[in-house]
Amino acid sequence: MKEVIIYGLFILFLDVLLCSARWAGLLLLGCSSCGGLTELWLFGLMKGVFLHVCASALTDGKLRTVLCRFSALLCLLPPVFETGRILHAPPSEPDSGPSPNLSLLFLGAASSSLACGIWENLLSGDKNKENVKLDTKRILMRVLTYFKPDSLYLIAAFSFLILGVFCDTYIPLCQGKVIDILSGQELQTGFGYAVGQLVLISIGSALFSGMRGGIFMCSLARLNKRLKHLLFHSLLQQEVHFFEENNPGKLSSRLHSDVDRMGRTVALNANATVRSAVKTILMLRVMLGLSWELTLLTCIEMPLLAVMQNKYISLYKELKEQTQECHAQNKDLASQTVSGIRTVRSFRAEKDELRRYDVALDELCAIKRRSGIYSAVHLLIRRMVSLVIKTIMLIQARSLISSGQLSIGSLVSFFLYQKPMSVNLKEIMYCYGETVSTVGVISKVLSYLDRTPKCQKEGDLAPESLEGRIVFQNVTFSYPSSDKPALKSVSLELQPGRITALVGPSGGGKTSCVSLLKRLYEPQEGQILLDGALLHHYKHKYFHQKVALVSQNPELFSGSLRSNIEYGLKDCTIEKVEEVAKKIGAHDFISEMENKYDTDIGERGGKLSEGQKQSVAAIRALIQDPRVIILDEATSKLDVDAEQAVLREVLAHGRTVLVVAHQLRIVEKADHIVFLEDGSVQEEGTHEELIERKGRYHRLKEELFSENP
Ligand SMILES: Nc1ncnc2c1ncn2[C@@H]1O[C@H](COP(=O)(O)OP(=O)(O)OP(=O)(O)O)[C@@H](O)[C@H]1O
């Protein structure tokens, strides 16, 4: 505040200095007056440029904006005041310009300071507005860069837009001419020419507008495709924790509705704003030619509406953001309930879920109600202002017609322009509001587009032969959302041709080891090596092909059984699929299905039993011929024969096998058992060794395997 006052006083001082210099110059040149209106405007503009440059050079940020506004007021108020005075002065009074007196200078300075103070403190509202504006500008410019590949289309669209607007603008003028000819105020001979002109211009308007609309829609569709591709690509690169923080409903909403809205708002609003701006300028020119008095009255409406709109936009923006958040939450709530319908049903929680959904809907309803009230009040005030201005205009039009300064045709033309003129202005303001309110959505989409995944970049190792030896060296790891370490200095080795079993009580850290081995997370300390090289040094695709995971609840996608088995593979033949299926004993049940390997398995494999899902997952993993295979409770739903078959196949070719199991019959088969508790390796050895040692493993054996002997 102190800075604003100091720099404001300095600008005032410069203004006084410049005015004194001008008066001194005029006196020295011996001029009797301060020059005409043109000279006054010229001086005001030059002074404005000078003060603007000084303010920009001395300050920056918000202070610079305030001072630039203040300088503009200081420079424009005297010529505006003088123009008004001359317009209202009797024609006999000479246009001599302001007299060089100090009281006028101080009056100008005081009124500029007062207006600036009121604007900055009462009307401009939010203190961070300038920063927000800068951000808005930066964000919108960024969106425009995505249109670059369509620049030629856009140039064509904007050219048709301008041609269309030209035609649109001259239609009412031609109509006015036709009316004047019909009412006898102009020569009847020109009737055919006037009608022909009107028809030609109307055809041009329709043709150019159609072309403009079509090209814009094509560019918009291409932009949407580009943005969705980029966003989906960026999402697919993110680390697993990102998907834990951002639920699927929210991400899907960003990808679909938000990207659509982003493209639509920017493209359509740019289109509408340019169209309305060009139209407004052309119409203003024609309207001034018809009657400057009525045009002036039309223009008074603008700043009043702008101030109201400004206030309304900030409220509208806030509510729109709240509505979007609420929508995303509701969507998420409903999709969670629907996808977990089995759990909901088995716990008879339908009523609770309905109640939760109702509460969320009430919240959304309350926001929408508030939005409706604001919109109604805004509309009422806006209409009242328009009504008052229109009444004054009608009175003025009556006196102009009676004094012969305006013909009936010109008045009709004027009114034909006036309505679209205010519609144009409203459209510009609406587009501005709409664009500003979409900035929140755009910045969220951009933040996802720009997000750098918090995981190591893939390396380029892809050796032809891989032994499959895994070594965990003092691995310490905490989940990003938790401070408590899930693994504390874990060291273990998985050897080729051997089964290593991870056992331990719930929460011991077994799944965390598996997740690190599959590179779903990165350890904070220590390292994991595959054949002596860090995991991230391998090529992404190669690594996941060589280290396969079969989990207890495999993720299957809707589609055929075969498409699920071949997921991620390019050159997979049906013979190979059948061969693996036969080896693990799954071919029989698949052959009994209606369309065998082409049977549709339903949403997330919903048409398969849990055991069948595990078999499909095992085929999917084995068909890639991995060197390391992780079975995370992967055979828990299989019968004993199927389980044996899977284990036999898994161990073939000297693979490294890591099992996480709660079944004693599996653990007993392991060559090496690692007992994990509280994130640390407590004991390791063969089953017999651990039993003999009578340590933690032995004591917890009953508890660990009680349900699955
Ligand atoms: N996504 C996660 N975010 C934060 N903490 C987690 C997450 N997953 C697991 N944890 C925590 O990490 C610790 C180890 O969990 P982990 O899943 O590795 O245990 P586990 O031995 O596999 O257990 P279980 O046998 O029940 O599957 C636990 O304290 C758990 O609460």
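The backbone N, Cα and C atoms fix where each Cβ goes, glycine too.
Residues annotated as transmembrane segment in TrEMBL: 7-28 (among others).
What TrEMBL records for 40-59 (among others) is transmembrane segment. Sequence-distant contacts of the transmembrane segment (40-59), counting only residues of its own chain at least 6 positions beyond either end whose CB sits under 8 Å from a CB of the stretch, comprise 3, 7, 10-11, 14-15, 18, 22, 34, 67-68, 70-72, 74-76, 78-79, 82-83, 97-98.
Sequence annotations record features per position, and here TrEMBL assigns transmembrane segment to 151-171 (among others). Residues 198, 201-202, 204-205, 207-209, 211-212, 215-216, 218-219, 222, 271, 274-275, 278-279, 282-283, 286 of the same chain, all 6+ positions outside the transmembrane segment (151-171), place their C-beta atoms under 8 angstroms from a C-beta of that stretch.
Annotated domain 'ABC transmembrane type-1' per TrEMBL: 155-437, in sequence order.
Among the features that TrEMBL reports, transmembrane segment is placed at 191-218 (among others).
The coiled coil annotation in TrEMBL covers 305-336. Outside the coiled coil (305-336), and at least 6 residues removed from its termini, the chain residues within Cβ reach (under 8 Å) are 123, 125-126, 247-250, 253, 356-357, 360-361, 363-364, 367-368, 370-371, 374-375, 378, 381-382, 385-386, 425-426, 429, 432-433, 436-437, 440-441.
The domain 'ABC transporter' annotation in TrEMBL covers 470-703.
Under 8 Å from some Cβ of the transmembrane segment (7-28) lie the Cβ atoms of residues 34-35, 43, 47, 50-51, 54-55, 58-59, 63, 67, 70-71, 74-75, 100, 105, 109, 113, 116, all in the same chain and six or more residues away from its ends. If you average pLDDT over the domain 'ABC transporter' (470-703) in this model, you get 86.
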